[in-house]
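Written below as structure tokens is the structure these notes are about.
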Amino acid sequence: MGVVQNLDVSVGQKVLLLWSGNQDVKKLQQLVEALTKRVGETGKVQVENIERLTLSSYPDSSFDVAMSGLIQPCSFLHTTDCLGEICRILKPNGSMVVQEPVNDSPESGKLKRKEQLISTIKLSGFVDISQPEKIELSSEDIESIQNLSLTKEFQVVKVTSKKPNYEVGSTSQLKISFGKKKVDKSQEEVAKVWTLSASDMLDDDIELVDDDALLDADDLKKPDPLTLKATCGDGPKKKKACKNCTCGLSDELEAEAKAKKTTATSACGSCYLGDAFRCASCPYLGMPAFKPGEKVMIPGTQLKADA
């Protein structure tokens, strides 16, 4: 068959040929015979229904080549689960060939677009993915696929890919040396220059500074508390203590406010003549007469209203 001539299959390889229930059995037999001749007596061709692949329980790394959708008409849509199972049973660096109908129109229906097919293959663990190659179909195959995929706009493409050259979950030992590295003699000499041993510190020729000589008499004097006050409110503006004052300014201002006496003003202008001329609520009531304009201080307790 012309299909086999374009496939990278050699003598001695184990080939997995996947088919679906809607494909032509006669074409399947012809493809198996052609592949069997290519792999020779030392090789093997295993035929499996793709819909039952996950139930077959093939061991890991069983096949060199996997093929799916090569027999027309093919309407099987490969999923990540199906492709992931193919990747598992392929040997490291094994190859896969898939053919699938695609539709690049905005309304592709259940068919994938070309880039979606490539993305699905990539997410399944394959590398070296080729660009989709269009497959020429007969009119009978086109009509059959149209009936199976329920769409008229499509094209069948072929994509080849490979399994990475390692097994999933494989490990590799790293060469890590925990031995001491050889130090260059020049570096050792530089290190000696900057090394100071304990015996060097006990040398009688080394003069040490006396701790008591670091402070003089002025440094030992107890400071005056007034000099420790913060300079809060310095300047032409009125002094104002901070919210959390700790320098004593708040207490000082509070004491000044208590000692300050309020100066009362006369409403009738005859308070200075004495109690006989004063009102019942006069703040000067009970105080001796005074000269007009004379400044008189009234205690704060006398300014309080009667209860």
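Glycine is no exception: its Cβ is also placed from the backbone N, Cα and C atoms.
Taken from TrEMBL as is:
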DOMAIN    12-170  domain 'Anamorsin N-terminal'
BINDING   Cys232, Cys242, Cys245, Cys247  [2Fe-2S] cluster binding site
DOMAIN    263-298  domain 'Anamorsin C-terminal'
MOTIF     268-271  motif 'Cx2C motif 1'
REGION    268-282  region 'Fe-S binding site B'
BINDING   Cys268, Cys271, Cys279, Cys282  [4Fe-4S] cluster binding site
MOTIF     279-282  motif 'Cx2C motif 2'
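A distance of 42 Å separates the Cα atom of Cys271 ([4Fe-4S] cluster binding site) from that of Cys242 ([2Fe-2S] cluster binding site). The Cβ of Cys279 has fewer other Cβ atoms within 10 Å than any other of the binding-site residues Cys271, Cys279. Taking CA atoms as the reference points, Cys247 ([2Fe-2S] cluster binding site) and Cys282 ([4Fe-4S] cluster binding site) are 41 Å apart.
Around Cys245 ([2Fe-2S] cluster binding site), taking its Cβ as the centre, 15 other Cβ atoms fall within 10 Å, counting all chains.
Cβ neighbour density within 10 Å is lowest for Cys242 among the binding-site residues Cys242, Cys247, Cys282. Cα of Cys279 ([4Fe-4S] cluster binding site) to Cα of Cys242 ([2Fe-2S] cluster binding site): a distance of 43 Å. When the alpha carbons of Cys282 ([4Fe-4S] cluster binding site) and Cys245 ([2Fe-2S] cluster binding site) are compared, the span between them is 40 angstrom. Mean predicted confidence for the domain 'Anamorsin N-terminal' (12-170): the pLDDT average there is 89.
In this structure, Cys282 ([4Fe-4S] cluster binding site) belongs to neither helix nor strand by DSSP; it is coil.
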